[in-house]
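Read through the structure below, which is laid out as structure tokens, and then see the notes.
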């Protein structure tokens, strides 16, 4: 699944399309995780103004052309800016072609652009497993974005934030008489917590696995048993790992590419993810694998011991 570094890299790779006008929108398979809106062709004659990322979502901001053909948010025709919310799902990617390109089997949408110099470009949404989504932000933004936690590379994601979240903010538990409610520390596995989008966004399996390894924390350690000092180290490694992954273009484990067709290289630096049965890079112990919430979690039994309080 494309995770935060892959989505961030995709955002950056869309820069050549900024300022270009949409000339055509073709939807070949609308049935993704949620159906593609049937009025996406309304974007024809709009200009792609900017691209943002929130968690693993891309937000494509389009502005309409004024009557004089100049992009503007002030429209005599009462046209308003539009925003697309794009999620790449398990296997999706946005791929840019600088010429008319034949539709491939898993191309579900092709958006055509023209630049000020008459250069024509196509943007293909490619998704073999069809778990992604392309939606209007104004219709689905509240539902999909409002519950999200802080960005891991922002100042809001700190050791203090994560530690207090774990210690004080477990789901409320009702007593048998349903009258009183008490809160307890989070006892779920620390890996599960840092992968929850409500806690912090975008820390997927690859980057959670690598961060926990570098922090010396067993992935199954109950979150409330992780010390504050360990949380400080973990948060620092999450930030460092994600920054490094973005710099290397993310991870290409199957067929992920960004819009310009480039693949990521972070997978070449992996210490433990996907390496069960191999030697630990640090101590040469055999790396082991457990399942947490249905996901593989590779770790070193010597470098990442379970410590019971």
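Note that the numbers count up from 1, one per residue, in the order the chain is shown.
Cβ atoms are placed via backbone N, Cα and C, with glycine included.
Among the features that Swiss-Prot reports, active site, schiff-base intermediate with DNA is placed at 2, with the record citing sequence analysis. The active site, proton donor feature in Swiss-Prot is assigned to 3, 56, 295; the stated evidence is sequence analysis. Sequence annotations record features per position, and here Swiss-Prot assigns DNA binding site to 106, 129. Residues or ranges marked as zinc finger by Swiss-Prot on the basis of sequence analysis: 271-305.
Features per Swiss-Prot, on structure.
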residue : record                                         : DSSP (3 states)
2       : active site, schiff-base intermediate with DNA : coil
56      : active site, proton donor                      : coil
106     : DNA binding site                               : coil
129     : DNA binding site                               : coil
295     : active site, proton donor                      : strand
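Annotated pair residue 295 (active site, proton donor) and residue 3 (active site, proton donor), C-alpha to C-alpha distance, rounded: 15 Å.
Put simply, residue 56 (active site, proton donor) is 17 Å from residue 129 (DNA binding site) when counted between their Cα atoms. In terms of DSSP secondary structure, the zinc finger (271-305) contains 0 helix, 12 strand, 23 coil. In sequence order, 126, 127, 128 are the residues of the chain that are 6 or more apart from residue 106 (DNA binding site) and have a CB within less than 8 Å of its CB. Cα separation, residue 3 (active site, proton donor) to residue 56 (active site, proton donor), rounded: 6 Å. Separation of the C-alpha atoms of residue 56 (active site, proton donor) and the residue listed as 'active site, schiff-base intermediate with DNA': 8 Å, rounded to the nearest whole number. Per-site Cβ counts within 10 Å over the recorded positions 56, 129, 295 peak at 56. Most Cβ neighbours within 10 Å among the active-site residues 2, 3: this distinction goes to 2.
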